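Step one of this worksheet: look at the structure below.
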Ligand code: SAH
């Protein structure tokens with residue numbers, strides 16, 4: 001029965017080679033199949049034209065290839081593309097293609113729903129249903145790369161793990177997916193073009209540093225005052241800023257890679273001098289830059305974007321200490337593709 005068959009992409013190259021040897025075939029057959037599965041993105045064993053009919057039949061007797069299906073694709077008036085991606089078990093995640101004049105960025109999901117509980121984020125309302133497999137993350141990137149070539153005439157240039165889910169709560173699968181994306185046996189993309197964004201899980205940030213990863217790190221900070229952060233991101237009660245700070249210092253000490261802080265300024269929450277001073281102080285601990293993200297309302301009315309004036313006050317204060325701060329305007333708002341809006345509205 002189909003259900004009992006293993007997804008062949010859960011096997012490493014070594015395991016595939018061993019599989020062929022234990023079935024009285026040559027180990028290099030494993031390399032061929034691996035290439036079909038990853039760099040050529042085959043969806044069916046019958047696509048593997050350099051294998052005999054018997055070999056293909058033997059593979060489909062033993063395995064399935066679970067691949068994603070782009071159910072619906074919406075295109076925003078600003079060129080942003082949002083894919084609703086159906087997984088083999090029927091669940092849906094979303095990924096986004098964000099074009100600018102010089103590049104195209106894929107924003108991919110790492111979990112179905114999210115393990116965390118940020119009050120301002122639509123994905124958090126879904127709760128975590130399951131982690132994505134490495135191949136499911138990889139396939140989102142492949143799908144967006146294809147769309148980038150089709151609509152913008154060039155391959156995908158960057159990837160951000162800023163879709164649904166908390167990447168560091170699906171650590172192993174995210175790392176495996178990035179290994180494939182950066183491997184010459186996969187997409188051969190430079191890790192410098194990949195950013196993993198976390199709400200800030202100190203233990204896992206330290207693990208990234210120990211694992212000597214080469215991609216960039218972004219942290220969704222939103223406040224440098226514990227009491228405020230506890231309120232808007234309740235899970236942080238277990239990860240206070242002192243611990244986050246320590247993990248970021250460790251990250252920088254090990255990787256020498258600057259951190260990006262993502263920060264939304266909300267009316268009556270963090271649009272005050274105390275919050276600005278706290279952020280400036282926090283930014284001095286580790287080399288960093290700040291992205292001030294525009295708030296995308298999520299239908300509950302609790303949070304409101306702060307005034308232009310308050311945002312300018314942040315920029316002025318940060319810049320006076322030599323900290324680079326940029327305002328990130330939302331993209332794809334009309335199709336609910338902007339930060340924090342991914343929640344399968346039509347699923
Ligand atoms: N869990 C990870 C990855 C998700 S990234 C993380 O939190 O970093 C999504 C980014 O959008 C995060 O910076 C998040 O804080 C931000 N975000 C969430 N809801 C938002 C909203 N409604 N408007 C603007 N940004 C939002």
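Note that Cβ sites are derived from N, Cα and C of the backbone, with glycine treated the same way.
Not measured: the values here are computed from a predicted model.
Of the residues 183, 197, 275, TrEMBL puts just one in the S-adenosyl-L-methionine site with 165, 166, 220, 221, 222, 296: 197.
Proximity to ligand 1 (Cβ under 6 Å from any of its atoms) holds for these recorded positions out of 94, 121, 221: 121. The recorded positions listed here (94, 118, 121, 339) include no residue with a Cα within 10 A of the Cα of residue 166 (S-adenosyl-L-methionine binding site). The two recorded residues, residue 165 (S-adenosyl-L-methionine binding site) and residue 94 (active site, proton acceptor), show a Cα separation of 10 Å. Site extent for S-adenosyl-L-methionine: the farthest pair of Cα atoms among 165, 166, 197, 220, 221, 222, 296 sits 19 Å apart.
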